[in-house]
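Okay, structure first, notes after.
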Amino acid sequence: MQNNTDITARINALKKEKNAVILVHNYQLGEVQDIGDFVGDSLELAQKAAATGAKLIVFCGVHFMAETAAIIAPGSKVILPDSHAGCPMADMIDAAGLRRMKDELPGRPVVCYVNSTAEVKAESDICCTSANAVKVVSSLPDDEIIFVPDQYLGYYVQQQTGKHIHFWPGYCPTHARILPEHILELKSEHPNAPAVVHPECRPEVTAVADEVLSTGGMIRFAQRPEISELIVGTEMGIIHRLRKENPGKRFYPVSEQAVCPNMKLITLDKILTALETESHAVSVTEEIADRARLTIERMLAIKA
Ligand code: 13P
Ligand code: SF4
């Protein structure tokens with residue numbers, strides 16, 4: 001039985017030997033965040049993957065994130081330490097379903113949330129993340145947009161842009177467990193703490209929040225000097241980074257139930273095995289990757 005210090009030392013040695021980088025999402029377990037070369041939100045991780053030039057990318061997140069990295073960094077081998085780490089929202093739509101929607105609503109551009117499969121990205125015109133969804137939709141000249149698969153993010157974008165959004169009824173089961181009363185209770189206990197929530201939350205929840213932000217946006221918001229306490233409406237994993245980077249500030253998670261079980265599948269043991277065996281490699285067929293890459297690159301061309 002190895003302890004975490006031994007495992008970390010072996011991970012670091014193998015990383016060097018194999019010219020690997022470890023990219024980590026803000027929702028990962030604390031010990032996984034602590035060994036990452038870079039910790040960030042979906043947009044920041046996609047940008048890093050595109051820029052790294054590393055031979056091997058160990059992606060500590062869920063499948064669609066590793067797949068996005070594999071598409072935009074074709075020169076790197078991308079591995080996901082647990083092949084079962086998926087995103088239920090991404091699996092709520094497939095390419096055939098999106099094609100049917102496009103047939104019913106011809107002529108409308110398709111914006112796909114990055115939480116989607118490569119096949120769905122390949123059928124879409126432009127991708128977005130929670131950090132840039134409003135900007136991406138605003139950049140389009142059209143007044144009517146097809147937005148898949150997150151209905152709540154789509155609803156938020158509609159509110160912010162005034163455009164007519166045709167939704168797909170997908171949602172994140174983790175964020176759907178956050179309810180307005182969770183925020184309101186914490187606000188009455190901590191009247192000076194602003195509440196930030198993720199746009200994957202229900203509209204009733206975003207309605208009672210002070211700010212609606214991506215996980216990267218929350219990290220930056222918490223760094224503001226005027227913030228001494230914060231109510232945090234997203235997956236619990238982000239609390240580790242918020243507390244680590246802001247000693248002395250207080251962070252109140254809105255619900256202990258806001259845990260993404262898929263994000264928690266990645267452990268230090270599995271990262272070590274992934275580096276030793278270079279599995280599980282994430283790959284996308286060339287035809288799909290070429291089309292999906294255009295969708296992602298159109299997004300990356302829009303400056304944050
Ligand atoms: P961010 O891009 O804000 O990190 O969100 C990713 C995600 O999966 C939220 O559930
Ligand atoms: Fe998918 Fe929700 Fe988990 Fe994010 S938190 S990866 S949207 S299931």
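From the backbone N, Cα and C atoms, a Cβ is placed for every residue, glycine too.
Keep in mind that this is a model prediction, so the values were computed, not measured.
Over all protein chains present, the Cβ of H25 (iminosuccinate binding site) has 26 other Cβ atoms lying within 10 Å. DSSP classifies H25 (iminosuccinate binding site) as strand under the three-state reduction. Per TrEMBL, the feature iminosuccinate binding site maps to H25, S42, Y113, V114, N115, S130, H198, P199, E200, T215.
As annotated by TrEMBL, [4Fe-4S] cluster binding site applies to C87, C172, C260. Using a 10 Å radius centred on the Cβ of C172 ([4Fe-4S] cluster binding site) and all shown protein chains, the other Cβ atoms total 26.
The distance from the Cα of H25 (iminosuccinate binding site) to the Cα of C260 ([4Fe-4S] cluster binding site) comes to 12 Å.
Closeness to ligand 1 is met by C172, E200, these being the binding-site residues among Y113, C172, E200 whose Cβ falls under 6 Å from the molecule.
Residues H25, S42, Y113, V114, N115, S130, H198, P199, E200, T215, recorded as contacting iminosuccinate, have a largest CA-CA distance of 17 Å.
Distances between the Cα of C172 ([4Fe-4S] cluster binding site) and those of the binding-site residues N115, H198, E200 are shortest for E200.
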